[in-house]
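Colleague: Mind looking over this structure? Questions follow.
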Amino acid sequence: MAETLEFNDIFQEVKGSMNDGRLRLSRQGIIFKNSKTGKVDNIQAGELTEGIWRRVALGHGLKLLTKNGHVYKYDGFRESEFEKLSDFFKTHYRLELMEKDLCVKGWNWGTVKFGGQLLSFDIGDQPVFEIPLSNVSQCTTGKNEVTLEFHQNDDAEVSLMEVRFYVPPTQEDGVDPVEAFAQNVLSKADVIQATGDAICIFRELQCLTPRGRYDIRIYPTFLHLHGKTFDYKIPYTTVLRLFLLPHKDQRQMFFVISLDPPIKQGQTRYHFLILLFSKDEDISLTLNMNEEEVEKRFEGRLTKNMSGSLYEMVSRVMKALVNRKITVPGNFQGHSGAQCITCSYKASSGLLYPLERGFIYVHKPPVHIRFDEISFVNFARGTTTTRSFDFEIETKQGTQYTFSSIEREEYGKLFDFVNAKKLNIKNRGLKEGINPGYDDYADSDEDQHDAYLERMKEEGKIREENANDSSDDSGEETDESFNPGEEEEDVAEEFDSNASASSSSNEGDSDREEKKREQLKRAKMAKDRKSRRKSSEAKKGKDPNAPKRPMSAYMLWLNASREKIKSDHPGISITDLSKKAGEIWKGMSKEKKEEWDRKAEDARREYEKAMKEYEGGRGDSSKRDKSKKKKKVKAKMEKKSTPSRGSSSKSSSRQLSDSFKSKEFVSSDESSSGENKSKKKRRRSEDSEEELASTPPSSEDSASGSDE
């Protein structure tokens with residue numbers, strides 16, 4: 001038989017709201033920890049008197065009764081877990097776990113039974129419903145009616161406001177059944193009645209929330225705040241935690257009382273009661289009890305006469321009456337030596353206190369965040385002009401808290417504190433405009449594998465390559481229309497005609513030099529474009545026969561473990577699967593990772609070997625291709641070098657232009673159409689006719705003409 005039993009996702013009903021938590025059964029007793037509030041129920045094994053198993057709305061439930069009349073109910077068990085629990089109760093608690101069914105007839109008449117702190121409405125021997133009397137806030141009576149009103153839970157979507165019972169009259173003389181019913185309820189109900197004298201009174205205390213000065217009257221079961229406008233009665237059972245926090249100026253102290261449910265002022269709810277004290281203010285306090293009562297009730301924690309600082313007296317009395325520890329700041333010390341950090345939350349500035357088990361911010365609005373609620377924290381820069389940073393906290397429920405305007409000098413201390421508490425740090429990247437000097441705020445999760453991020457990087461690379469390829473393609477279209485050989489011919493044709501009478505030889509020489517320089521410049525630009533085009537074609541023309549790159553150790557492990565993760569988490573999405581795999585990989589030990597590192601190393605060696613073989617084979621084929629290309633180019637050059645028929649002036653100009661032709665132009669693609677060639681022939685014939693018309697007659701012709 002196991003020494004302990006643990007159950008997750010167990011629910012406890014708290015004033016109409018179902019709070020999940022974790023239940024642990026051991027030989028010493030039963031412990032339930034509320035996941036939302038962190039409150040712990042500890043039931044000693046010797047206090048248990050009865051255990052009941054029954055069907056409820058959330059599966060099956062466990063009802064436990066103790067010797068002092070307390071009742072604990074936990075729901076969310078499966079039917080198959082009954083035998084395991086029954087054997088555990090018999091072995092360790094010597095109790096029989098009884099099965100009991102609820103009545104579902106739907107009748108509205110029956111018998112009311114009071115047992116411990118429960119009111120049970122029964123039909124026959126079966127209970128219909130039960131009301132915890134500690135949830136009753138008010139009990140009023142009528143002629144034949146009793147009305148119960150309840151404390152409200154702000155977290156409950158639907159709340160039960162009141163229940164009204166009709167109590168029929170009886171024939172017994174001297175007994176009022178309505179009054180008897182009401183007295184049974186009031187004896188166990190959490191109804192605040194300021195009867196008797198207060199144990200002590202603190203006058204005119206400064207309260208930050210709710211704002212004002214209040215007289216605090218301490219009663220045995222509740223705290224009474226009496227102000228000029230409002231009165232609050234706070235039962236000690238609603239106090240969750242107590243905090244005593246030193247102000248940054250070292251002259252004041254905060255005393256914070258965490259409440260659940262909160263006190264209300266109109267539509268405003270106050271989850272925290274914050275008192276502000278001066279360290280220099282002292283008080284002498286006398287309790288309104290005799291010494292024997294003080295000793296018996298508080299067991300040495302308080303004495304009848306006490307004196308000291310006002311904040312010490314208030315905190316000491318509250319600790320004794322509420323019976324809860326006072327939380328103080330831990331070992332954290334900021335840059336200025338204080339145990340807190342000055343920052344802003346929402347629209348107000350305040351103080352953030354790093355505690356041993358959480359963070360608390362005071363005072364407007366006060367915020368308390370436990371470490372077990374935190375999903376991750378983040379350090380981020382606010383703007384470029386301020387020397388400050390933001391500290392962000394996101395809870396597991398998705399709520400985000402941003403504490404801004406923290407001095408840069410506090411960064412190191414806060415970062416070390418967060419690391420020491422082993423909180424997850426997720427840096428979302430520094431905001432735009434950050435100086436290079438702020439690299440201190442780099443992400444601490446560099447080693448964490450993010451499959452989604454890697455996939456996005458790969459897609460970005462592919463898009464960038466496609467963009468480059470498309471730009472190169474557009475460049476090729478413009479390059480094809482640029483044929484340097486043809487342009488040179490056009491330039492040469494401008495000088496085909498013999499010098500006209502109006503042009504000088506010097507001007508012609510200078511024009512030729514300028515044209516030559518321009519042609520050289522164009523040739524160089526074309527060569528650069530062609531080289532860029534070739535490199536882009538090499539990128540595009542990826543050989544499908546080339547060896548594939550080896551996978552990393554993580555990817556090898558992921559491919560082998562993907563099906564197992566899917567089976568362990570049925571219905572998981574692809575994104576969540578990658579995220580889950582990254583978490584599992586990060587949590588793996590070095591010994592387990594070494595196996596996949598070896599496989600990755602073997603794959604890398606095989607890739608390098610295959611790459612060498614592939615490069616060797618590709619080198620031979622490329623050499624053959626190059627020799628073929630050289631032969632083709634040589635043949636074209638020989639073909640072009642043969643002198644064309646025509647006038648001597650035209651051939652000389654053609655030779656001049658050919659002297660500036662590069663190898664690239666000689667081997668350019670033969671894209672000139674026959675139509676362009678015919679146009680040029682017609683243009684050359686017209687030029688020759690113009691030359692004949694414009695040439696002056698020779699001396700011999702003129703002489704013969706004169707003779708005629």
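Cβ coordinates are placed from backbone N, Cα and C, and glycine is handled just like the others.
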Colleague: Annotation phosphotyrosine in Swiss-Prot: match it to one of Tyr72, Tyr411, Tyr452, please.
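Modeller: Annotation hit in Swiss-Prot: Tyr452.
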Colleague: Looking at phosphotyrosine as annotated by Swiss-Prot, pick the matching residue from Tyr441, Tyr614.
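Modeller: Going through Tyr441, Tyr614 one by one, Swiss-Prot flags Tyr441 as phosphotyrosine.
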Colleague: Can you tell me which of these residues Swiss-Prot lists as phosphoserine: Ser17, Ser444, Ser504, Ser698?
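Modeller: Of Ser17, Ser444, Ser504, Ser698, Swiss-Prot lists Ser444 as: phosphoserine.
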Colleague: Could you state the CA-to-CA distance between Lys413 (N6-acetyllysine) and Thr170 (phosphothreonine) to the nearest Å?
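Modeller: Pair distance, Cα basis, whole Å: 74 Å.
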Colleague: Using DSSP, how many residues of the DNA-binding region (547-615) fall into helix, strand and coil, respectively?
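Modeller: DSSP composition of the DNA-binding region (547-615): 56 helix, 0 strand, 13 coil.
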Colleague: Would you pick out, from the modified residues Thr170, Lys413, the residue whose Cβ has the largest number of other Cβ atoms within 10 Å?
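Modeller: The residue with the most neighbouring Cβ atoms within 10 Å is Lys413.
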Colleague: Can you see whether DSSP assigns Thr170 (phosphothreonine) to helix, strand or coil?
Modeller: coil
Colleague: Indicate whether Lys413 (N6-acetyllysine) is helix, strand or coil by DSSP.
Modeller: helix
